[in-house]
Amino acid sequence: MEKVRSRVGWLYRRQDSQGAVQLRKRKSRLYSKEASSACPGAGLFGENTYLVLAAVGFRIFNCMMVQTSFVPDEYWQSLEVAHNMTFNYGYLTWEWTEGLRGFSYPLMFAAIYKVLYLLGKDHVWFLIWIPRLAQAVLSGIADVRLYSLVRHLENTELAKWVYFCQLCSWFTWYCATRTLTNTMEAVLSTFALYYYPLEGSSTNSSTKYLICVALAFLIRPTAVILWIPLLFYHFAKEKKKAELVVQQYLPIGILTLAASLTVDRIFFGKWTFVQWNFLKFNVLQDLGSFYGSHPWHWYITQGVPVILCTHLPFFIHGCMVTPKRYQILLVAVAWTVLTYSALSHKEFRFIYPVLPVCMVFCGFSFSNLKRWKKAAVGFLVLSNLFPALYTGLIHQRGALDIMSGIQKLCKMENSSASLFVLMPCHSIPFYSHVHCPIKMNFLECPPDLSDSDAYIDEADLFYVSPLAWLNAEFYNKTLLPTHLIMFSVLEPEIRSFLTNNNYLKSMSVFHTHLPEGRTGSHIYMYERNSK
């Protein structure tokens, strides 16, 4: 009731100048709608049920409209692992043999797979789409939490602007329904922010926000980077510091870590501290640079501008007009970007979890626009529409489209099909998108953990001289796979090998308009004619 009373008082003060008649009319409307929706127990997740259903429905639509691949981890570090956990076959990359990844996140999808198996519905379509739909539902609920956070801190009008900016973000559209640890990190960070004790918050709960932060850390240890300044700020502001540490920080940290260790003990077969291994490899030793390195300013000059896109001017404007109590959020964003900048290996998705925080500042910008507001709305929608649709429906779709050709090999009776993927490692999904134990191989690319200067992985060795590698690898025709998959750019280099061994092109799918390096515009499947 205290929250409702404060809202009533705010509306009264705002409308005193409008006369008694208008005031009585607004008061009546407040008690019939606004007060009921402000109650924590109203509808779903403390919000209007229709809003929650609409938000989830939007993300489900978003999910169905994203039919492209982004990075290998969305399959190889989640669905592929879950498939191995449930069906006892599926490829585990070197990160799993070295204990750098934990089973907590794949366990969610393994549970889905197990239910489908028990129901006799473990068809490949369900195995591909239901995990993504589950992630879409969580992202939709996170959107509602972001809206609710701002509504409780400020007002409904500002909350609508923040939510509008969140829905317009092309990069959120691109990532929010993918089975990436970064996506789950963003979801949990948004939940945590809703319960974080910001000044003026009526939804704060130290226990709930710390649980969300702890879960994010278990799923992706670098999630703690965003929360380091926020945790210190909370500690500095807290009067009962000893109680906060003893009753909140330590119990939650110990329990969640114990749960993670237990899960990993079950699936690794030994005690494995994956969070420490992950941080040691990627942060302390900076060995992620094996997969590429960028200059220190990359996130500032490319990363942030690309993921914010046309939100950037509104974000900058929002930073100038947002009340001072939100400065800690800006500090958290800046700290995250600068910390990731210190690491050699950089990717757009690494800073995706700061995007919902940035939307708060964008919302303040729109709320404070005095002129050109309608033009700004149209500009933001249209400027994000093209990249959202292009990246979601066209760019890099071949990696998924080619899987339909592989799935058909499973349907052939008495199939003795075998497959070799002659592409940069992990370019396409694996057993999680095939769901049958046909023989499949690919060019591997584990990093050198022995620190040898002469080390070269299999994929790089292949691309030094593809034709020579193939002739050496398949020196006996009995070793030849029945099918080969490759990017179009490789075909001219190995055409003689294909011809001499009776390989014929059986499938061609479009992949990208922007081929570069070892990636081609199309993906080909070749089938060997043994007659």
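Backbone N, Cα and C define each Cβ position, glycine as well.
Taken from Swiss-Prot as is:
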CARBOHYD  Asn84  N-linked glycosylation site
CARBOHYD  Asn204  N-linked glycosylation site
CARBOHYD  Asn414  N-linked glycosylation site
CARBOHYD  Asn476  N-linked glycosylation site
TRANSMEM  99-119  transmembrane segment
TRANSMEM  124-144  transmembrane segment
TRANSMEM  174-196  transmembrane segment
TRANSMEM  210-230  transmembrane segment
TRANSMEM  249-269  transmembrane segment
TRANSMEM  303-323  transmembrane segment
TRANSMEM  328-348  transmembrane segment
TRANSMEM  350-370  transmembrane segment
TRANSMEM  375-395  transmembrane segment
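Positions of the features from Swiss-Prot, shown on the structure.
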| residue | record | Cβ contacts under 8 Å, 6 or more apart |
| --- | --- | --- |
| Asn84 | N-linked glycosylation site | Gly90, Tyr91, Leu92, Tyr431 |
| Asn204 | N-linked glycosylation site | Tyr195, Tyr196, Pro197, Leu198 |
| Asn476 | N-linked glycosylation site | none |
>> If we skip the immediate neighbours and take only residues 6+ beyond the ends of the transmembrane segment (99-119), which ones have a Cβ under 8 Å from one of its Cβ atoms?
In response: 77-79, 81-83, 85-87, 126-127, 130-131, 134, 179, 181, 184, 218-220, 259-260, 263-264, 266-268, 272-275, 277-278, 281
> In the same chain, who gets a Cβ under 8 Å from the transmembrane segment (249-269) while lying at least 6 residues past its ends?
Replying inline: 85, 99, 102-104, 107, 207, 210-211, 214-215, 217-218, 275
> Cβ pairs under 8 Å with the transmembrane segment (124-144): which stretch of 174-196, 303-323, 328-348, 350-370 has the most?
Replying inline: 174-196
>> What residues elsewhere in the chain lie close to the transmembrane segment (303-323), defined as a C-beta under 8 angstroms and at least 6 residues from its ends?
In response: 165, 168-171, 330, 337, 346, 348, 351-352, 355, 358-366, 368, 376, 379-380, 383-384, 387
> Which bits of the chain, at least 6 residues beyond where the transmembrane segment (174-196) starts or stops, bring a Cβ under 8 A of a Cβ in it?
Replying inline: 59, 62-63, 66, 70-71, 73-75, 77-79, 105, 109, 131-133, 135-136, 138-139, 141-143, 145-146, 148-149, 203-206, 208-210, 212-213, 215-216, 219-220, 223, 226-227, 230, 234, 349-350, 352-353, 355-357, 387-388, 391-392
